[in-house]
Amino acid sequence: MGYIELMDISKSYNKQRNVLNGIDLQIEKGEFFVLVGPSGSGKSTLLRMIAGLEEISGGTLKISEKIVNHLPPKDRNLSMVFQNYALYPHLTVEQNILFGLNAQKVDREIQQKRLEETAQMMGLNELLKRKPRELSGGQRQRVALARAVVSEAPLCLMDEPLSNLDAKLRANMRIEIRRLQKRLGLTMVYVTHDQVEAMTMGDRIMVLNDGIIQQVGEPIDLYNKPSNLFVATFIGSPKMNLGKAILEDSNLIIENVLTIPFEHLEMPKNLKSRNLVIGIRAEHMPYGDENQQVQNVEIVNVEHLGNETLISFEVGTELWTAKWLGQWLIQVGDKVPVHISVENMCFFDEDTGNLIQEATFTHKQEVVRR
Amino acid sequence: MTMPLSKKIVFYSLLIISALAVFAPALMAFVMSFMDNKDIMTGSLPKSLSFDNYLKAFEQFPLLKYLFNSLIVSVVITIGQLILSSLAAYAFVFLEFKGRDILFFLFIATMMVPFEASIIPNFHIIRDLNWIDQYPGLTVPFFATAFGTFLLRQNFKQIPKELREASQIVGMGDFKFYLKVVLPVAKTSLVTLGAYGFLTSWNMYLWPLLSTTNDTVRTVQIGLKQLQTQEQLNDWGVIMSGAIIVIIPTLILLFLGQKQLQKGLTEGAIK
């Protein structure tokens, strides 16, 4: 039994097209659960339905084994952090943090005690008398978090809380939020469109597109075993390289350009005589040395990241990117050998887009478990 | 903005001339209020300036009583308008119900009906309520204003709806949210509407004339008119001094309101 249970949840506006369809999901207590998807996928709507700000059109929602479909937000015992922080502009930081406790008529002494603890924890001691407009983006973010913390609700919902911060601050806040969640043992439901946030923060991730669950699982599983083409391209940066492919004799022909032999590997039977799309991660296409089977490709773009180099080349109509460790001083237009191996490839059905077979190589290495 | 000196001189002289032209009647009234009748009638420059006209204005007419009535009426109308408009605007922004937008447009459409057109029904109502010669009769018909509701609605709409949602999550009801968040956040436009409402009701003429029959609740604008008609030969000096007294509160309010407005406008918004 999960802490939050969604059973066949759906949402439609004005009885028209559904924005969410048949969502079945369980979120465990103390879990950091991330809802990720492109804009318009319905992830915020789902979060707001859990919060009680949005009506549920169909299905059942349970929080700690109680059906809460028609419960107003205040009775669901949760806190929420909004994208624009929703700080009250006319109140000081202190009043903002205590706003909820005041509304719930919590005892003054308890209020003060909790305020001190929270301010201490979030490093807001010096800012308590300031108004929100006198704070920087990061500080406002912290006040918004403090407001969620001070409520001591076991469930915290966050709606893209970091999207208004600059990249550096965002990286910091990611860690801060994550630590806070672990320290307080909160159950967190976190909405984002940023797959990096999803990968780095979530215990589990749900990928949503067009109101339909694409995949639910641990970040590493989503990365290694994307269950369809959408997840494959959405999770991971740079995105997984895709190409149409068919099996011919014992060779795999990609986009009618690359011919990759199966070598010693046994050709799986379920791949024969169907239209395939193969996917390969950028880091699985290293510089090919002599005793490997290589493909010579012409470079169309080089990006230097310092510790690694991204090399782009064309495969038929697709633009592929390989990620090489270290600094490679190569020019656009150079021809370089790239090692592309069948064992690193995920195979998808072209028609349905679903995964047929994951990369065999990942079983051998990559995931280090202790 | 930088502009050449010659252009500046042209602009400023034009501005000064038009300012003088616009302000001339008020200036004349101000000077006339200190002159004696003979000088005014002959149209000569004042030989001596005195406060006699002001003393006369207070002695001959119950000017203080009129001023007091005007103050009461204006303040009550202002408060009534603020309360009703802000509550209505809150409903039009934060409460969701069927036909809300249509209702709002209907509401706005009443702005196109001139007050003069509704004078007769209004008069019937206050007569039937026995409110003639009473403060309620002077004030209540002006409580509901489409303009005020419109102004406040536009302002409330700028309050992020996340603020309402955040307050819902902590279990705050609509009325408390209205009192604790909406009103303080929209302070600026409340002041604007208040100043506007006060000035219009202070300057109101037709309705107080109709709904009053004696001096007990008459406002100062009617009083001014009486200054003019009680004698065969108009005592212009007294009339002008009365007019100057009447516009003083208006001016004070404008200056105060302006300061408040500027303060409100420079206040940062959310985010």
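Note that the numbers count up from 1, one per residue, in the order the chain is shown.
Just so it is clear, glycine is given a Cβ too, placed from its N, Cα and C backbone atoms.
Here is what TrEMBL records for this protein:
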{"type": "DOMAIN", "residues": "B:67-257", "note": "domain 'ABC transmembrane type-1'"}
{"type": "TRANSMEM", "residues": "B:12-35", "note": "transmembrane segment"}
{"type": "TRANSMEM", "residues": "B:71-95", "note": "transmembrane segment"}
{"type": "TRANSMEM", "residues": "B:102-126", "note": "transmembrane segment"}
{"type": "TRANSMEM", "residues": "B:138-156", "note": "transmembrane segment"}
{"type": "TRANSMEM", "residues": "B:177-199", "note": "transmembrane segment"}
{"type": "TRANSMEM", "residues": "B:236-256", "note": "transmembrane segment"}
Given the cut-off of 8 Å on Cβ pairs that are 6 or more apart in sequence, determine whether the transmembrane segment (B:177-199) and the transmembrane segment (B:102-126) share at least 3 such pairs.
no
With pairs 6 or more apart in sequence, are the transmembrane segment (B:236-256) and the transmembrane segment (B:12-35) linked by at least 3 Cβ pairs under 8 Å?
yes
Residues sitting near the transmembrane segment (B:12-35): Cβ under 8 Å, six or more positions beyond its termini, same chain?
46, 49-51, 53-54, 236-237, 240-241, 243-244, 247
